[in-house]
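Taken from TrEMBL, the feature ATP binding site applies to B:33-40, B:150-153, B:V179, B:187-190. According to TrEMBL, the feature active site, proton donor maps to B:H40. What TrEMBL records for B:Q64 is beta-alanine binding site. Per TrEMBL, the feature (R)-pantoate binding site maps to B:Q64, B:Q156.
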There are 2 protein chains.
Amino acid sequence: MSRPIVVDNVVALRAQIRAWRQDGLRIAMVPTMGALHDGHISLVRIALEKADRCLVSIFVNPTQFAPTEDLDKYPRQLARDLERLAEAGAHLAFTPDVAGMYPTGFATKISVGGPSSGLESDFRPSFFDGVATVVAKLFLQALPDYAIFGEKDYQQLCVVRQLCRDLDLPVQIIGAPTVRDAHGLAMSSRNAYLGEAELEVARKLNAILRRTATALAAGADEAGATDEAGRALVEAGFQRVDYIAARENLTLAPWRSGRDGRLLAAAWLGKTRLIDNVEIPSA
Amino acid sequence: MSRPIVVDNVVALRAQIRAWRQDGLRIAMVPTMGALHDGHISLVRIALEKADRCLVSIFVNPTQFAPTEDLDKYPRQLARDLERLAEAGAHLAFTPDVAGMYPTGFATKISVGGPSSGLESDFRPSFFDGVATVVAKLFLQALPDYAIFGEKDYQQLCVVRQLCRDLDLPVQIIGAPTVRDAHGLAMSSRNAYLGEAELEVARKLNAILRRTATALAAGADEAGATDEAGRALVEAGFQRVDYIAARENLTLAPWRSGRDGRLLAAAWLGKTRLIDNVEIPSA
């Protein structure tokens, strides 16, 4: 088990990447905000299958948090993250700081339309601008061949694909299945906020989504099925449901019955906001 | 005199660039909207001094024109442009079409703050979003080592520098001095719109700017000097002055007397809008 190289600036990052390129090695990147869990480690594994070198960025990106959100309390645990990356066999951890990523005078924003509209954007209006801008920047710093994103943040995955297609970013995006605990709960750094009783409730989210997706695939009325799912979440113990919505698989346009789709949801448990999504298989 | 390779799609462009890279060649790009004049050719010359291969893109970018502007009548003369590029020794002309650059579903916009505020933006509010987005896209299609931009479009040059710095675009931007006719008129594709009498008037723009910059450098009051310059332009025959403003050299923040600065102006001659700018030397 060898520890990853740790670099915190673009010059050092590019020097290492240039050296790898000169050796003809293929590079895969896993952008993260740290607080690594089994979901992230599954992305590293996919990166290592696709490429010769795996680079993991760890950066809690302030521009994707609203002032009311959990930027300050978002879990930071670099030493433990580096241990997990060493176990997983990642080759490099890129750990820039905020001043390095957004120096004084920074003034550029990337807005991706299409799949960014609705869902998360209805509740976090600047979120995807922050994501698109930092992802483009990380990609341009490293210029990897591949980048791996979890399907857990399904809308984000669609937005990143659109970003790369629209700007001709020369990075191939790979979506990876959500990793779940034995009860179906999607791995998330924010699960660390949950107490035992809340965890019990959280574990019901995925089952309710799966049941609803099965009903939709079998022809159930969309509005009725999602309303029922919303009520089921509240009965299960969620305080508030931001959305439950069926969407087309890639564009996230409104879903049409009989097509491949995705059922996406966000709901609140105390002060913690959880998201999840499941496939709606085509008829 | 060998003719440039002409490619109209990203796959072919990247194949040629990959071949050059494999030969260890350095690549400089000159992004243009065609209708090439001596100003563009001077950029090609600088590209050939800096790098082994010069790539010129020719694309009249619709997203930087407002609906009221001259997109439809903007001069298009590809055969003549290719002849000029052959004479100048450019190696490749990249001539994408609108559907190739902005396929159905295209939905991404890059906004650069800082130097984009005011001046042109006061009169062409979406102009720099269009410029930043297409320039980023062209850079990502080609990934050149250098890109050459004329100082004629001085605010654009500052915006492109800011774009590259903010997004870590791995392209070095080189600004090139404005090429002028014997009477000081800056070369511009839009000069083609001017009749003989209008050309006579247009030629006075640069002299008035130079005179005003000299006065500012010598300590003249800024508001008084620029007001006087505006009156002089109207007396010379310009119908309307959009702006005459002194700005800091790089940030385009308000200029402070005694510092390096730039005096920038835009004015109308009939239906043609001309821009120009000159240095304000520091005291």
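Including glycine, each Cβ sits where the backbone N, Cα and C put it.
Least packed by the Cβ count within 10 Å, out of the binding-site residues B:Q156, B:S189, is B:S189.
Long-range neighbours of B:H40 (active site, proton donor) (same chain, six or more residues apart, CB within less than 8 Å of its CB): B:V30, B:T32, B:V56, B:R84, B:G150, B:M187. Long-range Cβ proximity for B:L36 (ATP binding site), meaning a same-chain Cβ under 8 A and a gap of 6 or more residues, is found for B:I58, B:R80, B:D81, B:R84, B:L85, B:S189.
A 10 Å cutoff on Cβ-Cβ distances gives the residue listed as 'beta-alanine binding site' a total of 21 other Cβ atoms nearby, all chains included. The closest partner of B:Q64 (beta-alanine binding site) among the binding-site residues, by CA position, is B:M33; the full candidate set was B:M33, B:G39, B:E151.
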